[in-house]
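Report on one structure; see the data block that follows.
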Amino acid sequence: MNYRIIPVTAFSQNCSLIWCEQTRLAALVDPGGDAEKIKQEVDDSGLTLMQILLTHGHLDHVGAAAELAQHYGVPVFGPEKEDEFWLQGLPAQSRMFGLEECQPLTPDRWLNEGDTISIGNVTLQVLHCPGHTPGHVVFFDDRAKLLISGDVIFKGGVGRSDFPRGDHNQLISSIKDKLLPLGDDVIFIPGHGPLSTLGYERLHNPFLQDEMPVW
């Protein structure tokens with residue numbers, strides 16, 4: 001699987017354009033805003049966009065999803081249904097951050113633990129990793145050893161858990177029980193900031209040590 005990171009919104013959110021090199025079929029993960037910028041990247045790439053994938057329901061990860069889905073005529077998949085209240089609350093999220101109003105969004109398909117997503121010859125595994133939000137999912141390409149982790153884990157940090165229905169202990173369990181076992185050599189693309197590996201975070205991330213700081 002190939003990827004290109006497209007930073008969007010004032011939150012510098014890592015929207016990812018991912019694709020299968022053999023078929024040139026592609027997906028967008030977490031198009032949080034700046035729809036025109038994303039359209040330009042997709043159109044310049046020469047790829048065929050097939051779907052939009054969402055890790056969770058926060059505005060900075062989904063803000064341009066509806067516009068892009070309509071523009072390209074593609075479905076939206078994810079997150080897990082527990083994040084429905086976030087997607088239905090997008091207008092309130094917009095007002096809270098002083099951004100242009102974003103209408104409620106209902107995906108074409110909710111995702112669950114164990115689901116798979118096909119992009120040409122690429123297969124992504126879906127893992128449900130609650131804690132930052134209750135319906136947060138991540139996408140893992142086992143062959144490429146590449147993980148798109150949303151706001152679950154960052155280089156040197158983890159997602160906030162002080163939002164409605166966030167749970168810090170659940171977040172840490174998601175990381176330790178579901179992500180770290182994927183392997184130390186797995187590279188992850190976080191929702192914000194630089195890439196890292198699960199092995200580096202296992203050893204150095206202060207939130208994953210025995211004495212953990214808490215947001």
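Any Cβ shown, glycine's included, is placed from N, Cα and C.
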Site-mate of HIS56, HIS58, ASP151 for Zn(2+) 1 in Swiss-Prot, selected among HIS128, HIS132, HIS168:
HIS132
Using only what Swiss-Prot says about Zn(2+) 2 binding by ASP60, HIS61, ASP151, identify which of HIS192, HIS204 is listed for that site too.
HIS192
If the Zn(2+) 2 site is taken as the center of the Cβ atoms of ASP60, HIS61, ASP151, HIS192, which further residues of that chain fall within 8 Å of it by their Cβ?
PHE11, GLN13, ASN14, ASP30, GLY32, HIS56, HIS58, GLY150, GLY191
Would you mind sorting out which of HIS58, HIS132, ASP151 (the binding-site residues) have a C-alpha within 10 A of the one on HIS192 (Zn(2+) 2 binding site)?
ASP151
So what sits near HIS61 (Zn(2+) 2 binding site) in its own chain, CB-to-CB under 8 Å and at least six residues off in sequence?
GLN13, ASP30, GLY32, LEU54, THR55, GLY150, ASP151, GLY191
